[in-house]
Amino acid sequence: MKRDLHQFQGPNHGTSIAGSSTSSPAVFGKDKMMMVKEEEDDELLGVLGYKVRSSEMAEVALKLEQLETMMGNAQEDGLAHLATDTVHYNPAELYSWLDNMLTELNPPAATTGSNALNPEINNNNNNNSFFTGGDLKAIPGNAVCRRSNQFAFAVDSSSNKRLKPSSSPDSMVTSPSPAGVIGTTVTTVTESTRPLILVDSQDNGVRLVHALMACAEAVQSSNLTLAEALVKQIGFLAVSQAGAMRKVATYFAEALARRIYRLSPPQTQIDHSLSDTLQMHFYETCPYLKFAHFTANQAILEAFEGKKRVHVIDFSMNQGLQWPALMQALALREGGPPSFRLTGIGPPAADNSDHLHEVGCKLAQLAEAIHVEFEYRGFVANSLADLDASMLELRPSETEAVAVNSVFELHKLLGRTGGIEKVFGVVKQIKPVIFTVVEQESNHNGPVFLDRFTESLHYYSTLFDSLEGAPSSQDKVMSEVYLGKQICNLVACEGPDRVERHETLSQWSNRFGSSGFAPAHLGSNAFKQASTLLALFNGGEGYRVEENNGCLMLSWHTRPLITTSAWKLSAVH
C-alpha cells in the first residue's frame with residue numbers, strides 16, 4: 001500500500017528529508033544492493049533452466065497478463081487448435097514461448113500494437129511498480145492434469161476473470177463483452193471445453209533434478225542464500241510431477257530445508273517407537289523385509305541342522321516379525337524340533353513399557369501351539385555398542401548352537417567412534433555358528449555431502465519407484481513415511497545424529513574380513529525360494545534376486561537395493 005506524501009516530508013512540508021541529491025551515498029549503496037540482488041536472481045533463474053533475466057520480468061509479466069486476458073475472452077473455436085494441434089515443448093524460453101502463444105491465439109478482436117487489447121497496460125508500461133514477484137508464475141495455468149508422458153496445464157475459460165487494476169487508483173482494466181458490460185470483473189457465459197497447453201514432462205523432471213543437485217551443491221559450498229531460494233523452487237516444481245518423482249523430491253526438499261535452517265529431526269524414544277511402527281507397514285507393503293527375514297532364516301536353519309539346543313540373538317528384535325516362520329520350520333524338522341532360545345535386543349519404549357516382553361509372550365503362545373520348547377529374554381539398549389557378552393547368559397558351544405542376526409542395524413554404529421568394532425568383539429566372544437546380516441546396498445557414508453546426496457537420490461528414487469506398483473493403502477503411505485524419515489536423517493543430520501550410514505557389500509566385506517570373519521555362502525535353496533517369494537508381489541515383475549559371492553541381493557530391475565550375507569569366525573579365531 002502506498003504511504004501518504006506527508007509521511008516523507010520535513011517540518012516545512014516543502015522539502016523532502018532524503019531527496020536533495022540522487023548521488024548521495026545512501027542512494028548509491030541502494031543501487032549497488034539492487035544490482036547484487038538482480039545478479040542473484042539471474043543466477044537462480046539460470047540454475048532452474050529459465051532463459052530470462054530478472055530485469056526482463058516486468059515485460060514477461062505484461063505478456064502473461066495479455067495471454068491470460070486473451071485466453072479468458074477467446075471463444076471455444078479460437079482455442080480448439082491449441083488442444084489438438086499445437087504443443088509447446090519449452091516454456092523455459094519465456095520470451096519465445098509467450099510470443100508463440102500470443103501469435104497462436106490471434107484473437108479476432110486483436111488490433112495492431114502489442115497492447116491494443118488492454119490500453120490501460122500501455123499507459124502504465126513504464127511503471128515497474130505495477131509488476132511484482134507475486135504476479136509471476138513459473139508455469140502458467142490453473143490446473144495440472146496427467147496425460148501419458150506430458151503434463152497438461154488447463155485454463156478454465158468458464159470461470160470468472162478478475163483483471164488487475166493499473167497503478168492509477170481511478171483507472172480500471174476492463175475487457176469487452178458481448179453485452180457491453182464495463183466493470184472490474186467479466187464473466188464468460190459461453191460453455192467450452194478446457195483448452196490445454198501441453199508441456200513436456202521430461203523437461204520438468206530434468207529441471208527438478210537439476211534444482212535438487214544445485215541446492216545440494218550450494219549447501220556443500222555454504223552458499224545458504226542460493227540454497228534457500230532453490231529449496232523453495234524444488235517444492236514448487238515437485239507438485240508438477242506425478243508418482244514417485246514428486247514424493248522423492250518432496251522428502252529431499254524437506255531434508256534440505258532442515259539442513260539449511262538447522263532444524264535437525266528428533267532422535268528420541270518416541271522417534272524409535274514410531275520407526276518401529278512404520279517398519280511394520282513397510283513389511284506389509286513390499287518384499288524387502290520379507291526377503292531379508294526369509295533369506296536370513298534359511299541360513300540359520302541350515303546352520304542349526306542336527307543341533308538339539310539352539311539359541312538366536314537378534315540385534316533387531318522390533319516386533320519379532322522374523323521368528324514365527326523360523327519356529328514353524330524348526331517344528332517341522334525331521335526328528336523333532338530342538339529346544340529354541342531367543343534373545344531379543346531393542347531400543348527403550350517411549351512410555352517405558354516392556355514391549356520386548358509383550359513380543360516374547362506372543363511368540364511363547366505360538367511355540368506352545370506348535371509344540372516347540374521355547375525360552376525368551378529381552379534386553380533394552382540405546383545402542384548395540386552398549387552390549388556386553390556377559391549379559392547374554394551364554395552356554396557352552398558343545399551344548400547350545402548360537403546364531404546372531406542383524407537386519408538394518410549395523411550401519412547405525414558407523415557414526416559412533418569404535419561402535420562397530422565393539423559389536424564385532426562381542427560377536428566373537430559369543431562364537432556363533434553363523435552371523436546373518438542384512439543391509440542396504442548403497443554407499444551413504446562417504447565424507448563428501450554432495451556425493452552422499454547424489455547416491456541417496458538415486459537409491460531412494462528406485463525404492464519409491466518400486467512402491468508405485470503396490471495397491472494404494474495406509475500401509476503404502478506409512479511405508480513412504482518410513483523411507484522419508486531415512487532420507488531426512490541422511491541429508492539433514494551430521495555427526496552421531498546421522499545414523500543412516502549405509503554401505504555396500506564390498507565395504508562390509510572389508511570390515512568383516514579385517515575383524516576376523518569369513519563369508520558363509522548362502523545355499524541354492526535360499527535363492528530358489530526367495531525367487532518364489534517375490535512372485536507374490538506384483539507377479540514378481542520388476543524384482544530380481546541375484547547371487548554375489550555367496551550373498552543374495554534383491555534388486556528393482558537392475559539396481560540392487562538390499563543384500564543378505566552370512567559370516568562365521570575365520571579359522572584363525
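Numbers run from 1 along the shown chain.
Every residue, even glycine, has its Cβ placed from backbone N, Cα and C.
Per Swiss-Prot, the features are:
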REGION    1-25  region 'Disordered'
COMPBIAS  9-25  compositional bias 'Polar residues'
MOTIF     42-46  motif 'DELLA motif'
REGION    158-179  region 'Disordered'
REGION    206-260  region 'Leucine repeat I (LRI)'
REGION    279-344  region 'VHIID'
MOTIF     310-314  motif 'VHIID'
REGION    358-390  region 'Leucine repeat II (LRII)'
REGION    402-489  region 'PFYRE'
MOTIF     410-414  motif 'LXXLL motif'
REGION    492-568  region 'SAW'
**OP:** Sort out the residues at least 6 away from either end of the motif 'VHIID' (310-314), same chain, that have Cβ-Cβ distances under 8 Å to it, and list them.
**Re:** 300, 304, 322-323, 326, 330, 338-345, 392, 395, 400-406, 430, 432
**OP:** Averaged across the motif 'VHIID' (310-314), what pLDDT does the model get? Just tell me the whole number, please.
**Re:** 98
Subject >> For the motif 'VHIID' (310-314), residues assigned helix / strand / coil by DSSP >> reply: 0 helix, 5 strand, 0 coil
